[in-house]
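Listed features, source TrEMBL:
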- 10-17, 57-61, 119-122: GTP 1 binding site (BINDING)
- 182-189, 229-233, 294-297: GTP 2 binding site (BINDING)
Ligand code: GDP
Ligand code: GDP
């Protein structure tokens, strides 16, 4: 089940990014660890009580030269296309403005739940300012204050009530869901056509049930697959679909729904910042990852070229050291058929479970060979470990004092686990806990 998506819509300066940041909180993100982020982060996971969801700040989707009204219109459309619940934000201190009415008019068209939030109600004496907003015809307005953090609990309770109720998995468990992500023109659509064309066993193009994404179901060698979000690659239509922020957003949503993510690079153009950002997100989301270098036919090469490229990729994608790298050509079809074999393999690894007894033998050996260094006279003691989850494989390591587990020692233990079991293509998570 993919997480519900909430979008915040409203004219500029009503407080969208303030609310977004409040709701998201202090999340550590390797992807966004880039200076000058302020408005860069427009999509994030978040939670409220037991609910996990993703949230979009549509105000951060820069639509470049579009006139002002057109920008708000498109931001509202993105919200209607992408979200399960829409928060329509207005500024209580300004009263209803003509622009608020414009936004409302667009949002009337959607069947999705819209919740009206009146921001900048910084103290209870200002509550009366919300009454004006009933005229927008969006139901009861919720008074909030983004800068003071007031009313957000009630607002999020209401948002969570409107989340889609279907708890069913979209597809049976044996289906492998994967997506191809990468910048425009790296050859994602060509690659998809290359697998599909080769085998001609497309089951059907079905519209996603709860989401607007169009998935391609496909079967090869008895294994069912779903290729997520290829429609977004194949037919492009709306103006905003060409904007960079929107394409990143689309990629993030496809990643979220995938088991395996194919990060597609263009061999002719090399590696760009955008590639790293998106790949970083796949890693953070705990997905299995394969790096696919496409257009290998177009590169002039000798016997060293592949090694040089491999080294470059490893340098740029340090955090993806576990991801296999494939060199393919959608045009000549070279090695395209191997992609699904690798997808199967990393998908198995992503779901691999290790028996505790065997895992502990490996860790005992590791610790005996290389005990943790002492830290101010204290030494980390590793008692035992157990695997608590798959997709990605997640291990809890019980120790005397978790603060003594340093990054480098954790890395060492991870490496020992990787040397002993096949976890190629999948991130691993190690959680250190004090034995009680
Ligand atoms: P956006 O353009 O809709 O994303 O708006 P911003 O989040 O950038 O906020 C616009 C301005 O309103 C900023 O100066 C914020 O500090 C201010 N602001 C946001 N929320 C509140 C609030 O609850 N109360 C007050 N008084 N100011 C707020
Ligand atoms: P997408 O935007 O990532 O879906 O990229 P497309 O699949 O639309 O491909 C963009 C362009 O690259 C098209 O002109 C393709 O013909 C070309 N292309 C795709 N794969 C290859 C390849 O393996 N080799 C070469 N030489 N060109 C390719």
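Even glycines carry a Cβ here, placed using N, Cα and C.
Comparing the Cα of residue 185 (GTP 2 binding site) with the Cα of every entry in 58, 61, 121, these being the binding-site residues, the smallest distance points to 61.
Among the binding-site residues listed (16, 182, 188), 16 have a CB atom closer than 6 Å to some atom of ligand 1, in sequence order. Among the binding-site residues 10, 58, 185, 188, the residues whose Cβ sits under 6 Å from any atom of ligand 2 are 185, 188. Considering only the binding-site residues 13, 58, 61, 121, residue 182 (GTP 2 binding site) has 61 as its nearest partner by CA-CA distance.
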